[in-house]
């Protein structure tokens, strides 16, 4: 049953476009889900994609546009007039509509909004545009089903038929008082199983989860995941609970995916949101800055080694161990940071900073001891002097402990200062750990061997 | 409105347990959502947690148990008799029930199942236990609302009232034929807005997304996210579409989170699923293997450098640059792999392997050229010989190109062989790139400088 974008299908579509076989093209597209059509259009060139978009009606194309790759959507929207974009917007739910408008260059935004015919829709979208994209207000839609506590079940069902037309999926029915303040919820199921003459005030459930319109998007995702919610109402403030909109789980799935992708890219040393199919230029801009950072780090270790140059005479092997030390410092640091970053994301980093640092010291002592013994064994096999391999083992262990402490400390501090701690798993910390590790390695080696 | 687990609250709970003030403890707990109670219990010791669990009724405790940290749940279940566990199971939906039983040691599983009183529930759970946890069958629940095409709207509504009692949330109503085969769907909204004498056969929507019971869990997540589904029915096979169960979006949110966490941990060199609050021993087992791998890699570079020892006389600075080269090789490789891994996860890695490798070469040439120029400038400032800094720049560029190719190639190959490509962003590839980079660096330097 699953859609597969094959080369044959793509060739067929291209042929139908080329021969302007509108009828067959339309029939073919009608069989597909809009998300699948978007996948096809992402593979076509702009001219071909525009041809298909002009062919289909705006009810479908509005959904297709929302599913297109962001870069492609931008190109398509550039090719549409303000009037045409407004027509697409009319078909979208308010949250998607606001997102699409927000992506437009500022000078076009007003032009498009002015062309929206439905006054209510226009007012609602304008309201949503005022919110930041990473707070609850930026995720919510105005479409929801709302009933007043004074209504009866029968009256409710009648009116819901009207409201529900605009709402794709009815998750919960929100109950408000005369001042439009959220006081509870009901499910369609509750409504169907209630007697028709009952008052809403008598059957609604007063315990209702909600979020403040300025709540952070990631926090909303956490709440919805924790309480297994499929939709959550958004209110003006904790004091004044005027119902403003609702957020549905599909938007939260997107937030979670974006967040995970961003963390993963940060850890891998890729800034900006890039994809495998982006241009070489876009990819370079995302990757080069981190490499330059790494280069400076590497040049830093050149300096350090030059300052210990005198050791070359008696202990040249020390220099052979520098990539090993750098790798250990980097790996340990990233491991420590990653665990803290995930712990912070899941709110499980509790207890004092001191106890956490002590735990890392304990862990590093175990890891360091095992690795140190392996180094001494290696030295034995390689016929190295015992005090030399011992020196390497001890300095390596110190490097491991310090790297673990830095790896633990930095994300916690970043988080406390409101900076995304995931940065700490990226090249910035790795590079610092590399340099610092090599410095420490030579410093301790000098203390022991005395060169 | 949000729950905050404060030290004061924890102390209060501990005091109430200590003084055996059951009444007040119960009143306090009744105010909290089960997910919040689980959060409290995760912070208590086992004895205290057991006290609270024995105090509350099984309707609440079953949900609390499912939300507990896995390690803590295991400990609590160990302290409950088979009969007691069976009572908790009776309160759970079939998917959660099967998950909880699957976590028990094998010898206890049968004992618990035998104690489940409700025969249907027992049969359904036994059926679910047969599926792997990472396929659709392992995610689905048996609870769903199903109607036959021959029913009328009125009859339907009447019967749904019965079925819906067992279903927490009615997403879709699934329409089946006499052979129990899925033929379509309906929403409660459709049912409410239809005339009561209409036949289901006349109003149902025949286009319905579904997945095969053996479909991979990650694939199910992808389908539900792509089509914005909140529930998806599971059928026996594409040919024989007997309706077996349904998967809801909250389970998919969990799959997505676990997947993201796993990839992130793999990239950071942490095997096994560990958390910041796990014991030192658990954390060591997850981290040490990768460090040992890194150690062997580092020892490998010691060998390589020893074999180029003669260069120490005339070009000792070459050895100062090895950490830089290793870092570059590692960083570039991880960047390339991460982009491919994400592309594979989102199905956007298209086109031939060759064209992708060529793109990476292009990218590496740009990055390498910029970094090479910086190295030459550095050499100029540091008063290094021009042919020496040129040598470093050229070898570094070659290392960057090769590392990018390996980083691109490996995840694609792993994916083709059915191995999780995320492994490629972890220490395994980084370590290989380190050694290979250092080898290549010396090899090319020797070619140019001729030592």
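The backbone N, Cα and C atoms fix where each Cβ goes, and this holds for glycine too.
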Segment assigned the feature transmembrane segment in TrEMBL (from A:256-276, A:361-381): A:361-381
Which range of A:217-238, A:393-414 is transmembrane segment, per TrEMBL: A:393-414
Contact yes or no, the transmembrane segment (A:426-449) and the transmembrane segment (A:361-381), 3+ Cβ pairs under 8 Å, gap 6+: no
Overall pLDDT of the domain 'CBS' (A:204-262), taken as the mean: 90
Surrounding residues of the transmembrane segment (A:288-306) on its own chain - C-beta under 8 Å, 6+ positions past either end: 269-271, 319, 322, 326, 426-428, 430-432, 434-435, 438-439, 442
